[in-house]
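Copied over from TrEMBL:
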type    : residues                : note
BINDING : 101, 103, 137, 163, 364 : Mn(2+) binding site
DOMAIN  : 189-279                 : domain 'Peptidase M20 dimerisation'
């Protein structure tokens, strides 16, 4: 079997250069002109014919022309609206954005895998579909690309993705795997309460939306202790509360926003309905009105046991059994879940520096620094797993 780790090491300088360009030029959401131009031109130089989706996603296919199945490999490209606070010589040139979640790593890793696999096309028994996703941070990117047909022509049979982990327990080059549920669903909601404005000295002539909202917030917390299955992980967080503009008047409206995170789809739907029922019911009882709007949502990441276990067995061939860590489900969210709803696949964490290695800041922290030595592991593992999975699932 070809040693893809050595192949990745031989192009490590290129992978790092790609990553540093992306790190210096972070872009947000679907508005990724520099990123898209860079990724497409890099793929074209390798011999690919990348296509753009409607939201500035990128798809490239490597076809062995001998039948077989199709494996999708995904990397996300978008950055966070966070100002970087590091002293890196290649720190963000965009003061309004940074790659503090490591999507620059993912894109560079997948570009590395694309180069390795193009150079070893003769080893493929099937097709690899490379997907570079925009707008993951809002959880809208994957669904939009799916609507544009990325799982078709050729039809995708399985999927795989890595996400960087830094500032936690995972050493550089190690991989963490959750069998089954990996990350929670996430639903962002906004509750708007309409009352009746009045002077602060005469509250009896109005309907206080702040009072109503406070009662709603307290009542929502009781969902977790009294209504959800006690063995089912659920997190409900209120992160925003907006009302009023002066201290001596009761406003006409108040609003608050939060997130609901679950793993079980039936629990998710039940609790979404209860948020609506509780909010509207309490508002009505105080003489006001409430409107609940679910603005964004993505389902839970559920790793397919068969594909997951198989892919992880190939990961172990490269980095050893001792460097694959069993990882419990996390309450964060990832819209790779949209792909896993439709095709079997696996979402894995790859170490880019642990606390014990001196990397003390995690993802989404403006001071986060990722260990670039982890990049070659990602490229090598993408390539190795693609060749092995296509070979062992080959059918003409």
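The first residue you see is number 1, and the count goes up from there.
The backbone N, Cα and C atoms fix where each Cβ goes, and this holds for glycine too.
Features as recorded by TrEMBL, highlighted on the structure.
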| residue | record | Cβ within 10 Å |
| --- | --- | --- |
| 101 | Mn(2+) binding site | 25 |
| 103 | Mn(2+) binding site | 27 |
| 137 | Mn(2+) binding site | 18 |
| 163 | Mn(2+) binding site | 26 |
| 364 | Mn(2+) binding site | 14 |
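The DSSP secondary structure for residue 103 (Mn(2+) binding site) is helix. Taking the centre of the Cβ atoms of 101, 103, 137, 163, 364 as the Mn(2+) site, the nearby residues of that chain (Cβ within 8 Å, site residues left out) are 76, 80, 99, 100, 102, 136, 164, 363. For the domain 'Peptidase M20 dimerisation' (189-279), the number of residues in each DSSP class (helix H, G, I; strand E, B; coil) is 36 helix, 32 strand, 23 coil.
The average pLDDT the prediction assigns to the domain 'Peptidase M20 dimerisation' (189-279) is 96.
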